[in-house]
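A short worksheet on the structure shown next.
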Amino acid sequence: MDPTTSPLSPASPAPAAPRRTADGPGRRPRLLARYRRLVFLTWFLTLDLIMFGAFVRLTDSGLGCPDWPGCYGHLSPLGAGDHIRAALEAMPYGPVSAFKAWIEMIHRYAGALLGLLIIAIAVCAWRLRGLPGRSPALAGWTLVMVCVQGAFGAWTVTHRLMPLVVTTHLVLGMSLLALMTWLAAREKAHAPVPADPGAGRAWMILGLAVLFLQVALGGWVSTNYAALACMDFPTCHGAWLPPMDFGEGYALLRGLGQLSSGELISQDALTAIHWTHRNFAFLVMALLGVLAWRWRRTPGLAGPARLLLALLALQMLTGLTTIFFQWPLLIAVMHNGGAAGLVLVGVTLLWRLSRAGARSRAEAPEGRETH
């Protein structure tokens, strides 16, 4: 054999080393672990931001800095002190004060941080797309949602707290929480759910649809300051059907506290807004309560189902306390937080029902994960 052609010859070129990519097999477990931590952190921040957004709204801080994205053209209220003092002197009980300015700007800073974290989630999801069952689509939609949410946050200020814009901002925030909960649920192990839990998935979809409608009705109550339109319970103004003006109460294209004609909104309209939210709550509680009661002992569903029952009871308690104690701030924030809790537990149940008969993603062997 010619030594120049022998594979053992020193003159033979060495076999090429396999090319390593930045996201090769050796790095994927670390990237996946980082992605999971990022998802859980962002989910937690989303929930916190919803609670803080309620605090902004309930303390009338939404116009604490009446421009966007800065505060009188500055990055923080520290540089806007002269403007804030001038506004406070002109309207001592108006929407602007140093306290309200800081509340509003902290909310904006947290929203910006949330947006950056969701961008990071989308990037990680894209880098993990080569793994079976690791489509980046949901992370991409979450990124789109947070961008739309940011736009409505800006319009909330520029449209001077227009009820339709503020309510949409609230509903989009809950939708973002739902998406983040779904992302987080995919990364957490749970007990297997029976293969056929009685058409539970369809019922849970209906329950979430009804819940989101109730969230929108509650947002409409809050953004129109109709929480104390009925001061008694179970009646309203001493009647089961008090005088109400639904046409005026649910006119969408109008400013805060007024009609499109410029007239002030009537008490009958505020009563209609409050009465609708109050009574629709019974339908929501009945539907979700029955589902949670049915699943309270079902493997894989028992924990969230029992938590759902507890949250429904808490939500009723905070709602009644809001009426009887005339809208205390802490209870009102808890009521908003309870709504967020119902959304995240409902989405968790829907995720587990959609995986009925299969193991969760976190339990599946690496490389055999499925949605």
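Note: Cβ is positioned from N, Cα and C throughout, glycine not excepted.
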Ranges in play 86-104, 333-351, with TrEMBL marking transmembrane segment at 333-351
Counting Cβ pairs under 8 Å to the transmembrane segment (38-58), which of 106-126, 161-183, 203-221, 333-351 comes out on top?
-> 106-126
Whether the transmembrane segment (161-183) meets the transmembrane segment (333-351): three or more C-beta pairs under 8 angstroms = yes
For the transmembrane segment (333-351) against the transmembrane segment (106-126), do we get 3 or more Cβ-Cβ pairs below 8 Å once near-sequence pairs (under 6 apart) are dropped?
-> no
With the greatest number of Cβ pairs under 8 Å to the transmembrane segment (106-126), the stretch among 138-155, 203-221, 279-295 is 138-155
